[in-house]
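J.: Next up is a structure, given as structure tokens.
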Amino acid sequence: THPHTGSTNVASVEPINKVMVANRGEIAIRVFRACTELGIRTVAVYSEQDTQHMHRQKADESYLIGKGLAPVDAYLHIPEIIATAKEVGVDAIHPGYGFLSERSDFAQACVDAGIKFIGPSPGIVQKMGDKVAARQIAIAAGVPVIPGTDEPVTSLDEAEAFVQKYGFPVIFKAAYGGGGRGMRFVNNMAELGDNFNRAVSEAEKAFGESMFIERYLEGPRHIEVQILGDKAGNIVHLYERDCSIQRRYQKLVELAPAFNLPIGLRRILADDALKIAKYVGYQNAGTVEFLLDPQGRHYFIEVNSRLQVEHTITEQITGVDLVQSQIRLAEGYTLPELGLGQEQIQVNGCAIQCRVTTEDPAHDFRPDTGRIEVFRSGEGMGIRLDSASAFAGAIISPHYDSLLVKVISHAADMPSAARKMHRALREFRIRGVKTNIPFLLNVIQNDTFLHGTITTQFIDNNPQLFQMQPSQNRAGRLMYYLAEVMVNGPSTPLPTTSKPPYFEPELPPLFAESPTNAPTGWRNLLLEGGPEEFARAIREHKGLLLTDTTMRDAHQSLLATRVRTYDLERIAPFVSHHLNGLLSIENWGGATFDVAMRFLHECPWSRLRALRELIPNIPFQMLLRGANGVGYTTYPDNVVRKFCELAVRNGMDIFRVFDSMNYLPNLQLGMEAVGDAGGVIEGAISYTGDVSDPTRVTKYDLKYYLELADELVKIGTHILCIKDMAGLLKPQAAKILVGEIRERHPDIPIHVHTHDTSGAGVASMLAAAEAGADIVDGAIDSMSGMTSQPSIGALVTSCERTPHDTDTLVETLQLQLNYWEQARHLYAPFECTVTMKSGDSSVFKHEIPGGQYTNLHFQAHSMGLGNQFFKIKDKYIEANKLFGDLVKVTPSSKVVGDMAQFMVQNDLSADDVLERADELSLPQSVIDMMKGLIGYPPGGFPEPLRSKILRGESPIEGRPGASMPPVDFDSLKQELVEEHGNSITEEDVMSAAMYPKVTGDFLRHHAQYGPVDKLDTPRFLIGPKIADEFKVTLEPGKTLHIKPLAIGDLKPETGEREVFMELNGQIRTILVKDKEAMKEMQFHPKATPGVKGSVGCPMPGDILEVKVKVGDEVTKGEPLLVVSAMKMELVVAATMDGTVKSVAVQKGSPVEGDDLLVEIE
């Protein structure tokens, strides 16, 4: 691009000394760089919205234009641009691309002001920029064209006349401009009117011009030829580019030269491009564009009389700097003087350009805006980056094009260039805004792209391109969570003022422990022999077997079920290697399923899989609430069956199946579901009352339990469990009940579970062992006692040197005891001993289950009723009697507890309830129970109480789940995918089937904050301290080093605080809304996540049109509004059928992402 010495006609050359670029972004910077290399001074212009934009900082001088104008209008204001140029001594203006680059009136204004226009002459810009006129020129030059209108279409009537003559499909195009704006594809008459109006609107907004229409060619290739011309009439081509990979007529990926293009056709295209250029006497740079049909016929479509976005790849393969060539040609040099004869321009290798944009391919390429929090590019040999706003801290505006950076790879051939591009794109790390990089990666790896022939329908024909691996951004999301907690406090409610200390419990000594060398345990036998052989081996075993509840029921009873997977995983290898004699570990089901998602923001299925991997040798045990699954109500049968199947698949072994009322039909469903799934069935008798008291008049006598045991054995239980959830099984009662069952069923293993609320738990378990129990439940000493299980240490030492010796080393237990003793401090906010200082032998009277006792005790103290807890216990007794004496275990125990609290709060006696049951606003759980939704107790519910509560509503007869329609898992998955993306698993679907709202909230939390389960417990609960450096291991070999630095002052205009952190040695800033401050500030309301009728704005922009009003009936998919942003118009559609309840915006309203637009009910 530099003139050859001695070959220049100096008199005809007018050197350029100062260039203004009438544009913004990366193209402005591209021109500045070319000028700087040529020793030319540069001038930038910028709008008010671009005050912080990089392009103005890259120029030698920069000047504000368009003050008070709309963002785009500032760059279209010709008089001010010309005036500024004259004022600062500019002698040439480069228009870049877009904006004024193809406006002949701008080129003429430059000439009239005595300023060189770096581009074709105004006359050529006029002829070539008008696509209708350009068609006529092509025809005159003997180049084939597609059928289309000869003049601009100014009305819908003219458009209708064209399609009646030529048929569909057709395409509207702006008579001037490009970039896909003002282009609309129409396939039938019904779509014609709306698309005409939209195309006219977009064209006028971007270019201020009219439309023309042409027949749409289906499945063509889009090939363009780069040309250069000088004032002497010399024209050369720089070969072609393939721009077929497009979306909405905007190019995404370009190649040079075109791949799989026959050499003969390549020559014809170049020759035809030169014909058109020579016909009009073309000067400077331009692009002649063609479409190739499947038969290889080519058609001229337009000439872009400017530099193209994709000029970069032509530069890479030819070595010609097109921008410097433009400048030299504008100075008056000829092509030969620049060494640019046709024979001197050769192709070297292959180049690919990918346009990285701030668009979300998973949501129809919706533009994203905001601040770039992290920017790390892919570089290295063969990679070129052209960008402007690509840096951490850059603000991506909704007012301009979404292009962020152009990535160009160059190599010897197309496959090598593709490999370089793939490597470079994978190196990118962009956080804060979404990008199309995952989509581009799929394109670059696509087999058709690499080996076939691509057409403009490439994206439509390859829907698998949208099956993207989403960017994980785990570090960014975790830091956002930490910043959120630092500003707004804990994300999970802390019931007490106690705080966890910042330390990690010390682990017992670990040597070469790993899952691959775990010693043999009972699970090995189970996997080899199956459930029946497993049960037989238990009966043949000499000595008492133990189930350790530390990982579930113990912390449910003592620490509100809040122990996290993080702390369970840390101790798991030790348990696997040193407590492999345990019959089982209870670590799942029951309340842990709900609490894991609701409060700990972690997936219960992931917990199960993680522990299974670390403890492959010890059977896992869970609680299954019969037909209630792991929920609090009845579910359709297929939900329970599918749940058990998935639980086994994810690593569960033994299912303790119980029903809160010992309702046999519910028990049978659960047991059959477990058996069909291949799990070990542990049918459970839920125990209440006292079989050792012959004077007690009760329906729960010894005969009742023995008959229930008989039924469970008939159904096919592998193990028979006595589930004493309140700790009511006295030692004498244990001897009687276990002894009688053992006599009746000598071959069935008996497993006894209790709580130590009264303090008699160890004695009862020893009595059960004496009477013939094979297995008892206990917890590690530091997690035992009170409402938890009896101490395993006490059981082990008590059985030493007896026929029930557990063959467990007390020293080994002591090591685990130390870990959990420290770990309990981490959960200080949930520690039951804050309010509960001892056990309670009155449990034999009130019969409150262990976990519920802890919760009620907490609630009483939190409401200031700690000194009146005895009243709640008394009302619990009354409520239980009102309901006819229930077996109290989740969910029936919750109903009794709800009623007890209701009676305390409303100062009601049992007689008051009986008398006024038909008028009281009773808890919904009470009403549901009386309907029969959780089954029936022996003898049914008492009358007339039940009838009064139901108030004429018919109860459910028989097993509730039997009459419920099955859940359509496929439909449910589709709903979840629509809201949460393609990463939804079978396990997520099952979670949603049982806990729809909780699962939705969990998935949204995970999407926003990432894998918070990887944080240690203190920092998860209360956040980190300033200057507190700590590590987070995401996976083996990936560790984050995080250090909070400061929390900024409140920003009054946004209600945000800026949190400064250091991540792996680099400064990060996170903006967090201060929720307390926001209460005092007024902002546009946001759409409510998870509520279908709450329609939010998909992207920042302006409301262009409101199509509905309050009271309108709408159907799903019906247009509600039109939003304009990034020069694109987006129709926002109804998310459901219903009635418009409110419209929160009006035409012209500026909106941010997720702002509430419309409410539908």
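Here, residue 1 is simply the first one shown, and the rest follow in order.
Any Cβ shown, glycine's included, is placed from N, Cα and C.
The active site feature in TrEMBL is assigned to Arg306. The annotation ATP binding site is assigned in TrEMBL to Lys131, Glu214. Taken from TrEMBL, the feature Mn(2+) binding site covers Asp553, Lys723, His753, His755. Residues or ranges marked as substrate binding site in TrEMBL: Arg625, Thr890. Taken from TrEMBL, the feature domain 'Biotin carboxylation' applies to 15-464. The domain 'ATP-grasp' annotation in TrEMBL covers 135-331. Look at TrEMBL and you will find 544-814 tagged as domain 'Pyruvate carboxyltransferase'. Look at TrEMBL and you will find 1086-1161 tagged as domain 'Lipoyl-binding'. For Lys723, the entry in TrEMBL reads N6-carboxylysine. Here TrEMBL flags Lys1127 as N6-biotinyllysine.
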J.: Judged by the number of other CB atoms within 10 angstroms, which among Glu214, Asp553 is the least packed of the binding-site residues?
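T.: Checked Glu214, Asp553; of these binding-site residues, fewest Cβ neighbours within 10 Å: Glu214.
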J.: Whole-number Å distance between the CA of Arg625 (substrate binding site) and the CA of Glu214 (ATP binding site)?
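T.: The separation of the Cα atoms works out to 67 Å.
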J.: Mean pLDDT for the domain 'Biotin carboxylation' (15-464), as a whole number?
T.: 91
J.: Have a look at the binding-site residues Glu214, Lys723, Thr890 and say which one has the shortest Cα distance to Arg306 (active site).
T.: Glu214
J.: By CA distance, which of the binding-site residues (Asp553, His755, Thr890) lies nearest to Glu214 (ATP binding site)?
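T.: Sorting the binding-site residues by distance from Glu214 (ATP binding site), the top entry is Thr890.
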J.: Using Cα coordinates, what distance in whole Å links Lys723 (Mn(2+) binding site) and Thr890 (substrate binding site)?
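T.: Answer for this pair: 12 Å between alpha carbons.
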J.: Measuring Cα to Cα, how many angstrom lie between His755 (Mn(2+) binding site) and Thr890 (substrate binding site)?
T.: 15
J.: Where Lys131 (ATP binding site) and Thr890 (substrate binding site) are concerned, what is their Cα separation in Å, rounded?
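T.: About 74 Å separates the two Cα atoms.
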J.: Report the same-chain neighbours of His753 (Mn(2+) binding site): residues 6+ apart in sequence with Cβ closer than 8 Å to its Cβ, ordered by sequence.
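T.: The list for His753 (Mn(2+) binding site) reads Thr547, Thr549, Arg656, Ala684, Cys721, Ile722, Lys723, Asp724, Met725, Val776, Asp777, Gln789, given in order along the sequence.
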J.: For the domain 'Lipoyl-binding' (1086-1161), what are the DSSP-based totals of helix, strand and coil residues?
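T.: Counts, helix then strand then coil: 0 helix, 39 strand, 37 coil.
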J.: Which residues does Thr890 (substrate binding site) neighbour through Cβ under 8 Å, counting only same-chain ones at least six apart?
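T.: Expected: Gly590, Ala591, Arg625, Tyr632, Ser660, Pro849, Gly851, Gln852.
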J.: Using a 10 Å radius around each Cβ and counting other Cβ atoms from all shown chains, which of the binding-site residues Lys723, His755 yields the largest count?
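T.: Per the Cβ count within 10 Å, the most buried is His755.
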